[in-house]
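Asks: Below is a structure I'd like to ask you about.
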Amino acid sequence: MAMNTGGRLVAGSHNRNEFVLINADEIGRIKSVHELSGQTCQICGDEVEITVDGELFVACNECAFPVCRTCYEYERKEGTQCCPQCKTRYKRIKGSPRVEGDEDEDDVDDLEHEFDYGDIEASGFTQSAGAVTSGHGGLAGSAKTSKQDPSAQGLEIPLLTYGEEDAEIAYNQNAIIVPPFASHGNGTHPTPPGTTAPLHPRPMVPEKDIALYGYGSVAWKDRMEEWKKRQNDKLQVVKHQGNNDGGEFDGSELDTDLPMMDEGRQPLSRKLPIASSKINPYRMIILLRLVVLGLFFHYRILNPVPDAYGLWMTSVICEIWFAVSWILDQFPKWYPIERETYLDRLSLRYEKEGKPSELADIDVFVSTVDPMKEPPLITANTVLSILAVDYPVDKVACYVSDDGAAMLTFEALSETSEFARKWVPFCKKFNIEPRAPEWYFSQKMDYLKNKVHPAFVRERREMKREYEEFKVRINRLVAMAEKVPEDGWTMQDGTPWPGNNVRDHPGMIQVFLGHDGVRDIEGNELPRLVYVSREKRPGFEHHKKAGAMNALIRVSAVLSNAPYLLNVDCDHYINNSKALREAMCFMMDPTSGKKVCYVQFPQRFDGIDRHDRYSNRNVVFFDINMKGLDGLQGPIYVGTGCVFRRQALYGYDAPAKKKPPSKTCNCWPKWCCLCCGSRKNKRSKTKKDKKKSKHREASKQIHALETIEEGIEETNIVARPPLSQEKLEKKFGQSPVFVSSTLLENGGIPKTVSSPSLLKEAIHVISCGYEDKTEWGKEVGWIYGSVTEDILTGFKMHCHGWRSVYCMPKRPAFKGSAPINLSDRLHQVLRWALGSVEIFLSKHCPIWYGYGGGLKWLERFSYINSVVYPWTSLPLLVYCTLPAICLLTGKFIVPEISNYASIIFMALFISIAATGVLEMQWGGVPIDDWWRNEQFWVIGGVSSHLFALFQGLLKVLAGVSTNFTVTSKGGDDGEFAELYIFKWTSLLIPPTTLLIINIVGVVVGIADAVNNGYDSWGPLFGKLFFAIWVIMHLYPFLKGLTGKQDRVPTVIVIWSILLASILTLVWVRVNPFISREGPILEICGLNCDD
């Protein structure tokens, strides 16, 4: 098919899928080959020769980068085998020797030169290359000059790279950097003595007017000058960092550093795989444990217990369930990794001296409900830590969601905004950590350490006095709020407080900080602080925390529209002021950040006793499980301490990369090319696979204009198809301002819109009926359908192809408070388990949802485990009851153990212990935390998980809704005083009953062995081990029952004794000490009649 080009120049590349039609009115006359032969090799400086066919030698058919045949053949033999400019692999040219990986080309038949390297060695290139240096527009010097230089003799050939240092270059090796448009020595080694002057770039047709080329993707002089200016600016940053003595900069300091990419262009983070000495034995033990499990079940199934068939069958079913649960939990930890961030590179890239910061805006969400259960002082500390964060103040906005519409919260925020005018400049002036005043002033440390500022002591003492006064004002508000007037609260002007009726009130928005005129005491700008309480009306479903977070998404999109969001609970303050920068190292990384939907930080807690009796820290989950998930598709979202990409919350798919074409022609189907490939394709594919492990980017395309302008590699992201306005409104709701904001990937709001109009629109998007007939809670925002909306929201993002990142800075990013009381802890675990049951019974269950999307298999295993674990409570409860039954009945779940069986059992126990030890080793978890986690897994399994299972079934199947208790966040009557407070709950009954019946079983078993003699002790040991295993796991629960007063509450004793008595009576009915036929009488040999 012919195409009319109108006499215009057509250029392109099939392999790169490029097509360029240059709009030139007149094509310049092509001169003869001899006139064009003046082109200079950009590596050695020699002229590019003419081939035997009378044509100019062209090494690369893709970009025609000027390279002579000598340099071309050397690069193919000893170098990277790629073009320095476009990174395309050099093809073999007729007359050149063959190298490994060459194609089998039919048109090259000069077999006599196939392995002829003599010309290269005879040409003296080895000696000349050592003297090659860089200059303006390329490398200076020539082969002839270097031959005459005796100092060049014996020098090694430098490795050729293009604009960056190759990852394979050793530290002590020389490298020649060939920038695409080099300036005077920028980014290169200084010119050694004895070389010629730099060569100037020469166009192919110098007399041609540039205007004749028309408009296209080629960057001409004005664009290139702008790009080079930016490169010089970046170089100035490097000079500024390296020149600390105040003297003039002569370039000698950067002799060895200039060839490398400057810090601002290097990756902002990197993966740190677990050492092979730790992870390889761990994987071997996992596989060995699988083999042992197979042998164990082979023995258990083929060796039933005839006189206790029911017990045997029950135990085998439970053990099979435990094995499946272990597999779901274990294999997502197969590829654990750690990560490291580079905050200095982030600053070099996005915070240039003398220019406004280019860091992205971040909206921070803080959620609270009931100020009587979530003390306002704790919420105030969280807000203060956000306002004082180490981030540009004009790029941070804090939104506080008050879902209880409490005037106490409103007034406390007003006081907090006033105190922030003093607290924020103090934090930034002296760079203190943490920046939550309650925890900063309560630190038991030398606060003068590393603080040599003469005014620090005085100002710290004054600030502490200010904070104590602030606490008095907050506590006075709390005391006043305990007695609510009959007519409700009123504002200062006499108008009623809109939130007097918690279930029926309008939406409220108040901007405390961030508007014009409000600055700190030093006159500096402060981050924005916004109070939000969404509208609530009877008859509407408000979806608890998930609905509140979605309202914040819409409000923030209208008022600030930052591209990234951070959500924290009201009791989780920022402990590391650089936490936002840590997250931006992943989100704003130009190479991998586009596919990251959120950055999850681990949860760390204050106020937990040293022994962590109820495993409140969850160290095993955060330091082992989450590291394993980070090596797959990323950690799950845990509800707080997470930085989101706003576009990911809008339900968009992750950006997909264009796959490079795998064929050189489109005339054959793909399957034919796969089947009929040449031996070259197989060899090159094998070589390509080997190169994947290297940190080289051979596919970088520097010809793209975006690459030149931004200084980053081209990612070939496929753009999303645009949606019509009607579809957008159906998806996001009837708000033109909000809908238009969803189309801005980099955020921002129109500067021409007035603040009153934006506030009016913000009130509209938090109305209770806004989400009707939209995709909010279904595909957009936090997902509804479970009280644990965090798991569901992260799961949906991963199904859309996004990946998440787990960030563990050395200083914990966030810290919070946890319920250390036993009853509160069990209620917290009950809430989590109830949410998992709801997800399991919904359409979003990971067992059957999300196939065909972007969710990886091992990541799916993890999500399945997160919704299946409450069902483990049933077999766990039964299995913990079996030891007592075996001791009371005299039967056992295992027949008489042979030598083979004993080896299998020992191997199983050893493999379980070895797995735990190796996990603790690579995860850095102490054995105390690991053992507490194992104990609370049993305690929570037989109590909270069991109740959550039945509550979830009633809620989903019968429509009976259950409410969970908001766990207590405060209380200070003494250190760890709350640990010993007892609160009655029905969750305590099952584990208490298990404790009593197992203790009774141990006593009965020992008494029976004493009565029956020596032979009965052998079978007793297995049963005792089984029962003691249960008692040891329930020991923290037993300590929680007794409390500090060493007294068990009466109600617990009554219920537990009642249940234990019933079970004991059942045991007596089933199998008492004496047989049903009466006592067995044996002839003793004595005549009693005598």
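Using the three backbone atoms N, Cα and C, a Cβ is placed for every residue, glycine included.
Per TrEMBL, the feature active site maps to ASP403, ASP790. Sequence annotations record features per position, and here TrEMBL assigns UDP-alpha-D-glucose binding site to SER367, LYS373, GLU374, ASP403, LYS544. As annotated by TrEMBL, Mn(2+) binding site applies to LYS545, ASP569. The domain 'RING-type' annotation in TrEMBL covers 41-87. Look at TrEMBL and you will find 131-150 tagged as region 'Disordered'. Summarising the annotation, TrEMBL assigns transmembrane segment to 869-888, 900-918, 938-960, 981-1007, 1019-1038, 1050-1070.
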Asks: List, in sequence order, the same-chain residues at least six positions removed whose CB sits under 8 Å from that of LYS544 (UDP-alpha-D-glucose binding site)?
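Replies: The list for LYS544 (UDP-alpha-D-glucose binding site) reads ASP403, VAL787, given in order along the sequence.
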Asks: Going along the chain, which residues at least six beyond the ends of the transmembrane segment (938-960) come within the CB cut-off of under 8 Å?
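Replies: The answer is 614, 826-827, 829-834, 836-838, 840-842, 869-874, 876-877, 880, 986-988, 990-991, 994, 1030, 1033-1034, 1036-1037.
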Asks: Please list, in sequence order, the residues in the chain of ASP790 (active site) that are at least six apart in sequence and whose C-beta is under 8 Å away from its C-beta.
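Replies: In sequence order, the residues whose Cβ lies under 8 Å from that of ASP790 (active site) (at least 6 apart) are ILE636, TYR637, VAL638, GLY639.
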Asks: Between ASP569 (Mn(2+) binding site) and SER367 (UDP-alpha-D-glucose binding site), find the distance joining the two CA atoms and give it rounded to the nearest Å.
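Replies: With the alpha carbons as reference points, the distance is 6 Å.
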Asks: Which residues of the chain, 6 or more past the ends of the transmembrane segment (1019-1038), have a CB below 8 A from one of its CBs?
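Replies: For the transmembrane segment (1019-1038), the sequence-distant neighbours (Cβ-Cβ under 8 Å, at least 6 residues beyond its ends) are 613-614, 822, 880, 882-884, 886-887, 892, 894, 897, 932, 934-939, 991-992, 994-995, 998-999, 1001-1002, 1005-1006, 1008-1009.
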Asks: Within 10 Å of the Cβ of GLU374 (UDP-alpha-D-glucose binding site), how many other Cβ atoms are there?
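Replies: For GLU374 (UDP-alpha-D-glucose binding site), the 10 Å Cβ neighbour count is 22.
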Asks: By DSSP, what is the split of the domain 'RING-type' (41-87) into helix, strand and coil residues?
Replies: 9 helix, 4 strand, 34 coil
Asks: Around the C-beta of ASP403 (active site), how many further C-beta atoms are within 10 angstroms, looking at every protein chain?
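Replies: 22, counting other Cβ atoms within 10 Å of ASP403 (active site).
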Asks: What is the pLDDT of the domain 'RING-type' (41-87) when averaged and given as a whole number?
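Replies: PLDDT averaged over the stretch: 80.
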Asks: Look at each of the binding-site residues, SER367, LYS373, LYS545, and point out the one with the fewest other Cβ atoms around it within 10 Å.
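Replies: LYS373, out of the binding-site residues SER367, LYS373, LYS545, has the fewest neighbouring Cβ atoms within 10 Å.
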Asks: Measuring Cα to Cα, how far is LYS545 (Mn(2+) binding site) from LYS373 (UDP-alpha-D-glucose binding site) in Å?
Replies: 15
Asks: How many neighbouring Cβ atoms, not counting its own, are there within 10 Å of the Cβ of ASP569 (Mn(2+) binding site)?
Replies: 23
